[in-house]
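First up is the structure itself, then whatever we jot down about it.
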Amino acid sequence: MGNVPLLREVGKCQRNMFGRSTASSKGSSNSRSSSSTSPKKGPRREADALMFIQIFIHLLKSNIGTGFLGLPLAVKNAGLLVGPVSLLAIGALTVHCMDILLNCACHLTQRLQRSFVNYEETTMYSLETCPSPWLRTHSVWGRYVVSFLLIVTQLGFCSVYFMFLADNLQQIMEEAHFTSNVCQPRQSLVMTSILDTRFYMLTILPFLILLVLIQNPQVLSIFSTLATITTLSSLALIFEYLIQTPHHSNLPLVANWKTFLLFFGTAIFTFEGVGMVLPLKSQMKSPQQFPAVLYLGMSFVIFLYICLGTLGYMKFGTDTQASITLNLPICWLYQSVKLMYSVGIFFTYALQFHVPAEIIVPYVVSRVSENWALFVDLTVRTALVCLTCFSAVLIPRLDLVISLVGSVSSSALAIIIPPLLEIATFYSENISCATIVKDIMISILGLLGCVLGTYQALYEMTQQTHFYMANSTRVHI
């Protein structure tokens, strides 16, 4: 794979993706005017350029996380027929929007004579050329909105990681005394839980605080390697179990429309890599090959999504839980699967957290004297970790938080914004009416999913508080 660690390369992309957050508003306006006339050096250097297979691996890694393990429940919420078909449709729509984003960014780099523009810059420069005078005047707000959505999405991922770690750790600890080498199917029995899930979240908190204080790229690359190894090993064992018979029959092909709204949020959340498309292309040794990597990689990702979601739902039926790891049988083999995947998620937390921290921390530190810089740096990082933890404590429902984050921020970044950018970018260049209608319809579809999915997730959160309290005393053996 080369001498440069893969994570270090992607970390550079992610930091460049968000731009210079510490610049003042006055300075940013000056930099925009000057950058339009002079080329800007992009994040890719020839020595650091990544090969086809490396970009392919990064694309897979950026789209396989905790949301991936929630797809069986998502298929349950949509139905055995509607779920896989909808996953395919949403996947195709998301990839199309990624392609739109790439085309807009490529066009703007040529127009502005720059080597690279990130998502926020693409939004800002697109608005500067749109037909609306008001939007042209306030184009910088497009950059701020996208940056805010990216931060919310990344911190939302971190909150989901807290819940995932707590749920799996609770199950491992409370089932340890009757776990053996013989795998037994999991059946539901009502028993008194030893400790609440929230206790495990608070137990994990200090370890994650210590983890995020590590900022050395070489150490982070080691974390990335460990996360990749444990995640791939766990997924191999999970798929090995899912293909075994028996499977449930007579499962509903079409589910309730209200639960389908939860499916939409989960499906969009699972496509976590939309923010990585532009920086990954900028890091590629042969950028002209990136569309091939994108379509090949995302086709494989969608195939994995459909397989896991469908096989998982067929395997566990109505007992399907928020994460498929919670449905695995009781034996040391599959307890080790939970442990390995949890280790991978634990280290991935630091990688996901690194992105919003690189935006927020420098901005805050620049407001204090040098004597207080280190203290403020550590304090802000600690506060952000605590924020993600307390968010998980307040809403300890993994499936609903995944759906909420997906509906609120992921849908905007993946579906709503890119088509609007295409209209704004190419409006002055005689864009066809058919393309405008197509883009408007895609954005409206994404907006409907965002509003209705958010409403349904919030409704379920308020209505099922008592359900969670009852479920916290339920252990599976």
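Please read every residue number as a count from 1 along the shown chain.
The backbone N, Cα and C atoms fix where each Cβ goes, and this holds for glycine too.
According to Swiss-Prot, the protein carries these features:
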{"type": "COMPBIAS", "residues": "19-40", "note": "compositional bias 'Low complexity'"}
{"type": "REGION", "residues": "19-43", "note": "region 'Disordered'"}
{"type": "TOPO_DOM", "residues": "1-54", "note": "topological domain 'Cytoplasmic'"}
{"type": "TOPO_DOM", "residues": "99-144", "note": "topological domain 'Cytoplasmic'"}
{"type": "TOPO_DOM", "residues": "166-202", "note": "topological domain 'Extracellular'"}
{"type": "TOPO_DOM", "residues": "247-259", "note": "topological domain 'Extracellular'"}
{"type": "TOPO_DOM", "residues": "281-291", "note": "topological domain 'Cytoplasmic'"}
{"type": "TOPO_DOM", "residues": "313-344", "note": "topological domain 'Extracellular'"}
{"type": "TOPO_DOM", "residues": "366-374", "note": "topological domain 'Cytoplasmic'"}
{"type": "TOPO_DOM", "residues": "396-399", "note": "topological domain 'Extracellular'"}
{"type": "TOPO_DOM", "residues": "421-432", "note": "topological domain 'Cytoplasmic'"}
{"type": "TOPO_DOM", "residues": "454-477", "note": "topological domain 'Extracellular'"}
{"type": "TRANSMEM", "residues": "55-75", "note": "transmembrane segment"}
{"type": "TRANSMEM", "residues": "78-98", "note": "transmembrane segment"}
{"type": "TRANSMEM", "residues": "145-165", "note": "transmembrane segment"}
{"type": "TRANSMEM", "residues": "203-223", "note": "transmembrane segment"}
{"type": "TRANSMEM", "residues": "226-246", "note": "transmembrane segment"}
{"type": "TRANSMEM", "residues": "260-280", "note": "transmembrane segment"}
{"type": "TRANSMEM", "residues": "292-312", "note": "transmembrane segment"}
{"type": "TRANSMEM", "residues": "345-365", "note": "transmembrane segment"}
{"type": "TRANSMEM", "residues": "375-395", "note": "transmembrane segment"}
{"type": "TRANSMEM", "residues": "400-420", "note": "transmembrane segment"}
{"type": "TRANSMEM", "residues": "433-453", "note": "transmembrane segment"}
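With a threshold of 8 Å between CB atoms, the same-chain residues lying at least 6 positions outside the transmembrane segment (78-98) that come near it are 71, 251-255, 259-260, 263-264, 267-268, 271, 274, 277, 294-295, 298, 301-302, 305-306, 309-310, 313-314, 414-415, 418-419, 442, 445. Residues of the same chain lying 6 or more positions beyond the ends of the transmembrane segment (345-365) and with a Cβ under 8 Å from any Cβ of it are 7, 11, 14-15, 17-18, 21-22, 65-66, 147, 150-151, 154-155, 157-158, 161, 164-165, 204, 207-208, 211-212, 214-215, 220, 223-224, 226-227, 231, 373, 376-377, 380-381, 384-385, 388. Averaged over the topological domain 'Cytoplasmic' (366-374), the predicted model has a pLDDT of 90. Long-range contacts of the transmembrane segment (55-75) within the same chain, counting only residues at least 6 positions beyond its ends with a Cβ under 8 Å from a Cβ of the stretch, are 6, 10, 83-84, 87, 157, 160-161, 164, 228, 231, 235, 262-263, 266-267, 269-273, 276, 280, 283-284, 290, 293-294, 296-298, 300-301, 304-305, 308-313, 315-316, 320-325, 327, 341, 345, 348, 398-399, 402, 406.
Long-range contacts of the topological domain 'Cytoplasmic' (421-432) within the same chain: residues 100-101, 103-104, 107-108, 122-123, 126-127, 129-131, 135, 439-440, each at least 6 residues beyond the stretch ends and with a Cβ under 8 Å from a Cβ of the stretch.
Helix, strand and coil content of the topological domain 'Extracellular' (166-202), in residues and according to DSSP, is 19 helix, 4 strand, 14 coil.
Sequence-distant contacts of the topological domain 'Extracellular' (313-344), counting only residues of its own chain at least 6 positions beyond either end whose CB sits under 8 Å from a CB of the stretch, comprise 66, 69-73, 75-76, 80, 83, 164-165, 167-169, 171-172, 175-176, 178-186, 188, 226-231, 233-235, 237-238, 241-242, 247-248, 251, 397-399, 402, 476-477.
Cβ atoms under 8 Å from those of the transmembrane segment (292-312) belong to residues 52, 55-56, 59-60, 63-64, 68-69, 71-72, 74-75, 80, 83-84, 87-88, 91-92, 94-95, 98-99, 102, 238-239, 242-243, 247, 270-271, 277, 284, 320, 324, 327 of the same chain, restricted to positions at least 6 beyond its ends.
When Cβ-Cβ distances under 8 Å to the transmembrane segment (203-223) are tallied for each of 145-165, 375-395, 400-420, 433-453, the top count falls to 375-395.
Contact counts against the transmembrane segment (400-420), taken as Cβ pairs under 8 Å, peak for 260-280 among the stretches 145-165, 260-280, 433-453. Contact between the transmembrane segment (433-453) and the transmembrane segment (145-165) is absent: fewer than three CB pairs lie under 8 Å, with pairs separated by 6 or more positions in sequence. With a threshold of 8 Å between CB atoms, the same-chain residues lying at least 6 positions outside the transmembrane segment (260-280) that come near it are 10, 13-14, 16-17, 43, 50, 55, 58-59, 62-63, 65, 67-68, 70-71, 73-75, 77-79, 82-83, 86-87, 90-91, 94, 97-98, 101-102, 105, 116-119, 122, 150, 153, 157, 290, 294, 301, 305, 399-400, 402-407, 410-411, 413-415, 449, 452-457, 460.
Taking Cβ pairs closer than 8 Å, the topological domain 'Extracellular' (396-399) reaches residues 66, 70, 73, 160, 163-164, 166-167, 197-198, 201, 262, 266, 322-323, 460-461, 464, 468 in its own chain, all 6 or more past its ends. Cβ atoms under 8 Å from those of the transmembrane segment (375-395) belong to residues 155, 158-163, 166, 198, 201-202, 204-205, 208-209, 212-213, 353, 356-357, 360-361, 364-365, 368, 401, 404, 461 of the same chain, restricted to positions at least 6 beyond its ends.
Within the chain carrying the topological domain 'Extracellular' (247-259), a Cβ under 8 angstroms from the stretch's Cβ atoms is held by residues 76-83, 311, 313-318, 456, all 6 or more beyond its ends.
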